[in-house]
Structures are given as structure tokens and as C-alpha cells.
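Per TrEMBL, these features apply:
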| type | residues | note |
| --- | --- | --- |
| ACT_SITE | A:55 | active site |
| ACT_SITE | A:104 | active site, proton acceptor |
| BINDING | A:126, A:278 | Mg(2+) 2 binding site |
| DOMAIN | A:19-59 | domain 'Phosphoribosylformylglycinamidine synthase linker' |
| DOMAIN | A:83-198 | domain 'PurM-like N-terminal' |
């Protein structure tokens, strides 16, 4: 197999690339070629497809979301604001709380239990990455009509997934809300919120500055489940005629995440961390490039050294 | 490498609500004629070296002390011989 | 010198910090113990807290029982050291056979989290002497594998010897046989129960009551008078 290096890409400008399958539009693909001055390599194309997905870049909703930053009143209590993994608010006596809510709608629609469970898992990592100990979760939920068969299919699994995963991490579900309305049929909203507590001096940011720092990837091994999940799953409407296009929903491992929480808090305590970013739906692409671009330099990433759950996985897919 | 299979089942007198839930769901899904369902665990052990009496004794011990909790569960040990060959069964009572 | 109570942390243990806090609230010294250390650090008693040790993979408590620290706990428990297992800790104690029976999936198959009324059936054990015989207490319960089972002979024996320490009141939340919520060994130094006394030691949180504090003051009485 020829490795699709940047050099190889420059020499083979006409090679067919699966940009459409990765959820990119024609003009977006041309834009990538213009930026790079050549065609992207397979790995680069995969990175662009996830980073430019609605899931990661909020390309269609950014214009509205920006108002949260622009219109927010000035406050000394806001220690960390928009742009980081989660906001941090001063609560006095040297303590701060951090909380964030995030949706996991499409995975929960496809596989209610695992979709909702991994939604909790993801938001807990965001809170952890801020330097806080996660202490509780909450869930605002929207389902279709209460008597609709699809609601009966989705709701029990979602509720069990949220409760089960949180319980395995020792996080109580301290509240939530639920609304039933036909407009959510086939598109339930499953949101998970996590709250964490920390001292002011424990705040960590997704920013890796300085040179010579080691980049450590830890946690679960990288697997093929969830690949393309953000670029395809989160942006497409479902069409029953094309089942093969549905990427697998990830299966959560709360035991592994509990170990991750304790391990991360111990590493913080030893003052070893310059910057930290959790891996979300876009995986390594997002975590590495966001850490580096928010900091002062670049990052050398050897994809071949990423520990894999499935040895057949190629660098393009990590 | 030979494979030895250890099946672990709840003892007959122990209530198995998971099996019951499966059994109750069957008619709803249009599958008739199943009188009872009990759910258990299957362990596939890949054995290094020959599966002789000593190896089987060791696996029996693994099953008895670790894979099954004999307070609530029974187990059976059987050897799967090669690809395609009939599974020769060495039944071990618990 | 105050008494020292060891609190074991297995990978996946969740309630170790709450348990340490409850121990300190009762005026005892909490000593964290790590699953990989055989050394019990000269503690006077040991608590196995709740959680999902080793992810509850295989069976709840099944893998933890083989950890180095449990070898020491088993030896010491047999020699009379007070040992308390809460929830997952109770499951570990049954897997080690320090306590009889086993815990299985709740009969309704769901995770349950509620404030649970219990009746103290034996106020003579090392861990319950701060309570009155027959006293009703209300502490949190949270589990999916909480259904206590044992064969008829064992159940009869437990009842005849007064070794049923707690029974569920008003509602049996998981199908436990004979409404059993907690039991002890023959000597009364090893107690296990599914509900969580360590979550009910301060009026600010949980049930708003301090019904769980008695476990920890019981052990204080015993250790200080010893």
C-alpha cells in the first residue's frame, strides 16, 4: 500500500477522493485544495471533513451562537467563557463550578441506551478537561408524542442509559426535564449536562503552549466505531433506504471512564499538565489541532503510534 | 490452539428475571411456542498446549473458583476440537 | 489516640470518599487503603465501600475478591477485625464467602435509587450497637444488582442465629429473599448491606437525616472500649 503522503498527494492531483462520502460539499472540497495548494492527503481530507462538519464547526448556527458571547453582560464571576471546553463560574471561597450541556441526539435515536450513555460520557470528559471533579449530571429531554411507537422504542433506553452510565461513574442525576411533542418524532433531543467543582487554581485550558512538551494520548484505545459519526451522522437526515450509511454508535465503558477521571485528577495534582483536550466525536483530528492552534506552536503527531482497538484501522480513519 | 467452552447458568431454583423478560417478549414479537428462557454466560478459553486431563482439571478449577459463583450458578466445561470437527463434549458437573 | 478505620479503593470504587468523610464525621481517623497493597496499615477496622469495582465485570465483586488487599482482609476478618461491606462491598464479601449468599439482578431489572426504610433486626453487631433493636432507619439505596439470594437452609440458619441485621421495610425494592437488606457472620464482626449509611451522616444532604451515622459511632464505641 502506498502511503498517501503530502508529497504523494502533490504528485497525484487527479486522484479521486471520497469527499462527498465524508459529508463535504463540492465548494468545500475546492476550498481545501485552494488552501493547501494541492489535493489533500487521505488523512487531511478526513480531518477537514470532521473539523468542517456542522458538529464541530457549527457552520450554519455560528452566526446565532456568537450572540451568547457578544451580548453577555460583563461579569467578574465568569472565570472562563466561550471557546473553551466548558465555562467556569466563581462561586466564592476560592471555589468555582464548571458546567456544560451537550446533545447526543442522533446516536440516541439509533441506539437509545448506548447513545444516551456515551452522551453522558462525553460531557463528563469536557468537565474533567477543565480541571474539575465531575459531581453530578442533569438531562433535558425531548421526545415525540407520548403514545407514538417510536417514543416507546427510544425513551426507555435513553432513560436507562443516562441513569446507568451516571451511576457507574458515581454521578447522581440531580434533575432534568422532559417534553413530549410530535415535532420530535424521529428526532428526539437528548441533552446531557455535567457539573464539576474545582479550586480557582485548578482551572486547565485546551491550550498547549511552549516547545518540547510531550503529547500524551490516554484513555480507551482508538476504534473504528463512531468513525465519520460527526461528519455524516450529525448532519444527515435519516433515510431508511440507505442503512449502510449509518456509522456504528459507540459503546461506552463507564468503568474505563471512572479510571480516566481518577487518573486525570492525579496527573493534574502533580502539576504535569500544560494543556488538555478531551477527544470528542471528531477524535484525534480535533483534539490535536485545537490544542496546537490555541497554543503557541505546532504539534507533531505520529498516527502510527496510536494504540488501536482494531489493528486493521488506518491512519486516515483515526 | 484448542478451545474450551465454559457455560455458566443460574441454578434452576434461582429466579432469573432477565430470562423471564426475554420469554415474555417473544410472543409480542410473534415467536410462539417457547415455554421458558434462562439466560447464562458462555466463556471461550483458548488453551495453550494440549487439552489433556491436567488442563481440563485446571479449567474446571478456574470455572469453579472464578467464572462461576457456585452459590448461585452451575457450570459445564466442554472441549471444541478443531475447525469443523464435532465438538467433543467433556461434561463436568459442578 | 483515635481509632483508625481503613477504607479500600478498588479500581471502579465510587463511594470511598464519602465513606472516608463519614468515618471522620463520627470522630474516627480514615485511612485510605489501595487494592494492590497487602498492607492494612495497622487499621482497627476496614470498610469496603460501594461502586463498580473492576466494572462489575464477570459478577459484582468477583474480580475484586482476588486483589492482594482482600487476602489480608479475609485473614483479619477471621481473626475478629470489624469489617463492613456496603453495596458493592457487600457483594465482595459474599464473593469471598465471608458472608453467605449472593446478590443478583433486581427482580424488576431496573436500576433503583431511593430513600429506603430499614428495620434494625440485630443491634448487637460491631457495626450496629449505636442503634436500638427494632429501630427504623431511612438511608439511600442505589443499585441494579441488589437482590439477596441464598438457599433455604442458609436463610433459616441466618434467621435462627439472629444474623439478619437489616430488613427492608414497607417495600422490598429488589426481590431480596425474606426482605433481607443486610447480614452478618456468626461472630458479628463482619456486616454487609446494600443500602448506603455513608450517604446519610449529615443533615444537609441525602435524606436530610443522619440515620447512617450509627454505623460509624458503633465502631467508635467498640474500638475505644476495647
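Yeah, the Cβs are placed from backbone N, Cα and C, and that goes for glycine too.
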Cα distance, the residue listed as 'active site, proton acceptor' to residue A:126 (Mg(2+) 2 binding site), nearest Å?
14
Just name the most isolated of the recorded positions A:104, A:126, A:278, going by other Cβ atoms within 10 Å of its Cβ.
A:278
Cα separation, residue A:278 (Mg(2+) 2 binding site) to the residue listed as 'active site, proton acceptor' (Å, whole number):
16
For the domain 'PurM-like N-terminal' (A:83-198), DSSP counts of helix, strand and coil?
48 helix, 44 strand, 24 coil
Mean of pLDDT values spanning the domain 'PurM-like N-terminal' (A:83-198):
93
Residue A:278 (Mg(2+) 2 binding site): secondary structure state under DSSP, collapsed to three categories:
coil
What does the DSSP secondary structure composition of the domain 'Phosphoribosylformylglycinamidine synthase linker' (A:19-59) look like, as residue counts for helix, strand and coil?
25 helix, 0 strand, 16 coil
